[in-house]
Amino acid sequence: MGCRGSSEQKQREWKPLEDRSCTDVPWLIIFTLFCVGMAGIAGFSIYTGAASRLISGYDSYGNTCGQKNSKIQGVELSGRDQTDNKYVFFLDPCNIDILNRKIKSMALCVSRCPDRELKTYTDIKKFALQNGSELCSYDIPVSKYPSHGERSKKCPKLPVPPSKSLPVFHRCTPVDISCYAQFAEAFVTFVSDNSMLHRVVAGVMASKEIIMGLCVLALVLSIILMVVIRYISVVLVWMLTALVVLGSLGGTGVLWWLYVDHRTNLTDQTGTTPTPQQQVATDNVQALLVYAVIATVFTVILLLLLFFMRKRVALTITLFHVAGKVFTHLPLLALQPFWTFLSLMLFWVSWLGVFLFLGTTGSPVQSEETGLVEYRMSGPLQYMVWYHAVGLIWISQFILACQQMTVAGAVVTYYFTRNKSQLPMTPIVSSMLRLARYHLGTVAKGSFIITLVEIPRLILTYIHNQLKGKENACARCMLKACICCLWCLKKCLTYLNQNAYTATAINSTGFCTSACDAFVILVENALRVATINTVGDFVLFLGKVLIVSCTAFVGVLSLNYQRDYTVWVLPLLIVCLFSWLVAHCFLSVFEIVVDVLFLCFAVDTKHNDGSPGREFYMDKALMEFVENSKKMARRDRPETDGDGGEMKPTTHGGGTFA
């Protein structure tokens, strides 16, 4: 189960797609047992009655609505027969605790929700006599509603708004949305009055067809961009390079011009009596000098890096070109975000349902402050919540890792198949089958490593949010630094895991061996990796911006044509957010394809040199890049041997080709 040493790596050779065996089987067993534990928690929460309390609800005395109840020791009004009272009614439904996300109000089981506004206690009494639905506490007779001394505490807050029952969860919910103005303002801070909120909601409802159409447009644009990016990558990359160079040179020039201008003005003022304004001007001149020197150093370093990495930028462009060809040969790659999103949504919905069941599992506890009953977990039950939370992270990471392994397997098959006409009928399906048969243990192990980093990061984030405004500046800085470091570690491990999955797809080795192999390859090609991850990521970012901009532009035209409403803010925000998420999902698959192609290319150039018996597997475009690199290497290093002949550059090894 641990990582093995490097002796095996030195003796073993890469054999793409030749041998296939099961990897990391112990971790598959551990993950299976963990999933069985998750299923056990779900069954326990349903069996203990938590599901009925969640769906039917319970009152403030521990009685579950819609059924007979047992007596709770120490609670006088518990153990009531609530078979006819199927709905939960809150005496003050608008008293919302935003921090704890719950209603701070006494709850009762009633037979009917009030369907009209009740302005006085007499109206409440008449409603109870007419419908048999008692809206005050059980210990207050209906006849005493208008005159009882504790009616302000044990009867609804006046006026009682009309309400309806939720379709599945039997809670009486106020019909008027203005009741939740305070809650809405906590999330929508720009809403200052209810009319604004109503206009925004009306705008969304009136434009729902346009919103759906624009979301489909973002989906189509993302798929088209993945195919055509091979043709525009050259323009995007060199446009980016030109903008960066011009921006750095222009910024440096402006800083030096400002420095000279301020220094000239300061020199003209010398000889006069020093004033506070002159001291400020002197400080500004010194600051501008520092900024100009820093900008100059940065610009020089940037230009040198661009000069020495220009050939590696060409590799990035070539990889983007080949990645576009991969999508034309493997069109089912475009469906990967769909099944991943569907799998995550199904898991998250089921996880949330079990979490809500767990929230009502436990023993009834009477609050010392209010005397009301709440169900709280104690003892071993508390650990179920933590186990369930770990399951959320691990299984979510497992699903994402399955997508990475599936894409890697399909791209590896494409790359290392010399005759593309001999590709499997559906390489994606073949990759999924190989994953399910051989490599689920590797995926489970890699996702668990990410989970180990994610858990402390989330805990520290939760602590930071809970202590916001209470901790001192030093503690706040330390927490943020730790959170940032863990986030960076997670990003690095995610990238290494992805390359480890690619190595597993190539050579069918365990996670640790694959991670070591991939790490060695990445270190040997560090400059190439840096170029691809900077230039390539920015090109993909520009692609996302392009999709969002086009979708937003069409959205503005469509909303301008449809004039049934006046507020465009929320519909456009929804469209832009969804288009960004869609573009991110699809272009992240494109990014995975580029990374997999690069690792395959690095392995190919390291173990093959194009000679008979050691032919390259690479695409024609990559082959042209290698040939151009050879020519440039010969031109740049015209060394001669002892006989005066020109020495040939070594072609075995990835370090030869820049």
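Keep in mind that glycine also has a Cβ here, set from the backbone N, Cα and C atoms.
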Quiz item: With the ranges 472-493, 538-559 to choose from, which does TrEMBL describe as transmembrane segment?
Solution: 538-559
Quiz prompt | Annotated range (TrEMBL: transmembrane segment) out of 313-332, 513-532 | solution = 313-332
Exercise. State, in range form, which of 288-308, 313-332, 338-358, 385-416 has the highest count of Cβ pairs under 8 Å to the transmembrane segment (25-47).
Key: 385-416
Quiz item: Counting Cβ pairs under 8 Å to the transmembrane segment (313-332), which of 210-229, 236-259, 338-358, 385-416, 538-559 comes out on top?
Solution: 210-229
Practice problem: Name the range, of those listed as 236-259, 288-308, 338-358, 385-416, that has the largest tally of Cβ pairs under 8 Å with the transmembrane segment (538-559). | Solution: 236-259
Quiz prompt | When counting Cβ pairs under 8 Å to the transmembrane segment (288-308), the leader among 210-229, 236-259, 338-358 | solution = 236-259
